[in-house]
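Student: The structure under discussion is supplied below as structure tokens; questions concerning it will follow.
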Amino acid sequence: MSAAVNATIDYLENLTDDIRFSFGLFNLIIGLVSNLCLITILTNVRVFNKNPSSFYLIVESYSNIGLLIIICTSRLSINILNYDLSRYSIAWCKTRYGLAQFFGLFSLFTICFTTIDQYFSTNHRFYIRQLSTMKYAYVFIVLTLCLSSIHGFLFVIYSEIRPSLFGCSIYDEVLKKYLSYVYYPLISNALPLFITITFSLLSYRNVRRIIRKQIPLIRRQLDQQLTAMVLSRVISLILFGLPYIIETVYQMNVKIKENSVKSKIVLLVGAISDSLLYTNFSINFYLFLTISARFRHQVKHFIRKIACVKPKKFKNNRIYLRTNTVNALILESV
């Protein structure tokens, strides 16, 4: 190779590392705050209690936290320590790859079940609304857990390390065909997009129909709010997830010369698409704040409630201490 080619390769590698570090730090901090805040609100605001759609969003937030910790911390350690453990330790390569695929697919399936449940809960037919229960939510989450575990276990088995090409990845030809023709285009792309878009639009239609029916105001407002939140979640999934699917399918099907400029460009594009994908799992709370005025009001009310409880407790403790002090003085004088 010429000096110019080597310089270009070095530049692309440094740029790829910088993008992974910057987005990794951003997604880790913003994502942890976002998902923890969403869990706190959905578990403490009474209107969301025992609601299947809220339960799905809570479970997805926990899965998002696991995904961000596995992915972002390893990216940060690469830049800080200047050492990629997944290129040298086959155990960490398999563990990281398997857990990342498990949490990613688990969050994706949970989003699908959220849209399906929202369709059930807003349907004008009573027997369909009966399907929106916590019992069915638990069953669907267990089913999602099993399917995601099987998928993640495949990556644990077939992950390999080839430092001169893409490092820790899948190189088995049979599994690459499964990923190229089944998983990425169908399971993680066409099927989720079809499910989420279809049931989100049906839920939106149901909500408009609910307005014209004699249904309690609180129920109507909650259905409208959750439908808007779920629909925005689906749009976010499409915008941030589609570049990753396209890049991954390309990488699986195109043979690239090892340690070439083209391979480094593919890695750079992959770093950008990966970062966008993980941004999708980091912005739920901020997204809901942006699109739902009712959710903003609930967050403000929750913050005010917490801010008012602590001074009140402190004031009550001071009154209690003063009362005890006065009683002690009276007893001493007697």
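If you go along the chain as it appears here, the first residue is 1 and each next one adds 1.
For all residues, glycine too, the Cβ spot is worked out from N, Cα and C.
As annotated by TrEMBL, domain 'G-protein coupled receptors family 1 profile' applies to 34-288. Annotated transmembrane segment per TrEMBL: 21-43, 55-78, 98-116, 136-161, 181-204, 225-246, 266-289, in sequence order.
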Student: Where, among 21-43, 55-78, 98-116, 136-161, 181-204, do we find the most CB pairs under 8 A to the transmembrane segment (266-289)?
Tutor: 21-43
Student: Looking only at the recorded stretches 55-78, 98-116, 136-161, 225-246, which one has the largest tally of CB-CB distances under 8 Å to the transmembrane segment (21-43)?
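Tutor: Ranking 55-78, 98-116, 136-161, 225-246 by Cβ pairs under 8 Å to the transmembrane segment (21-43) puts 55-78 first.
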Student: Given a Cβ distance threshold of under 8 angstroms, which distant residues of the chain, six or more beyond its ends, lie next to the transmembrane segment (181-204)?
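Tutor: Here the qualifying positions are 105, 108-109, 111-112, 115-116, 118-119, 122, 151, 227, 230-231, 234, 237-238, 242, 245, 248-249, 252.
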Student: Which residues, given as numbers and ranges, are at least 6 beyond the ends of the transmembrane segment (136-161) yet have a Cβ under 8 Å from it?
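Tutor: Beyond its ends, the transmembrane segment (136-161) has Cβ neighbours at 52, 55-56, 59, 86-88, 90, 93-95, 97-99, 101-103, 105-106, 109-110, 113, 117, 167-172, 175, 183.
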Student: Near the transmembrane segment (98-116), which residues from the same chain, at least 6 beyond its ends, have a CB less than 8 A from one of its CBs?
Tutor: 53, 56-57, 59-60, 63-64, 66-67, 70-71, 137, 140-141, 144-145, 147-149, 151-156, 159, 187-188, 192, 195-196, 199-200, 203, 230, 233-234, 237, 281
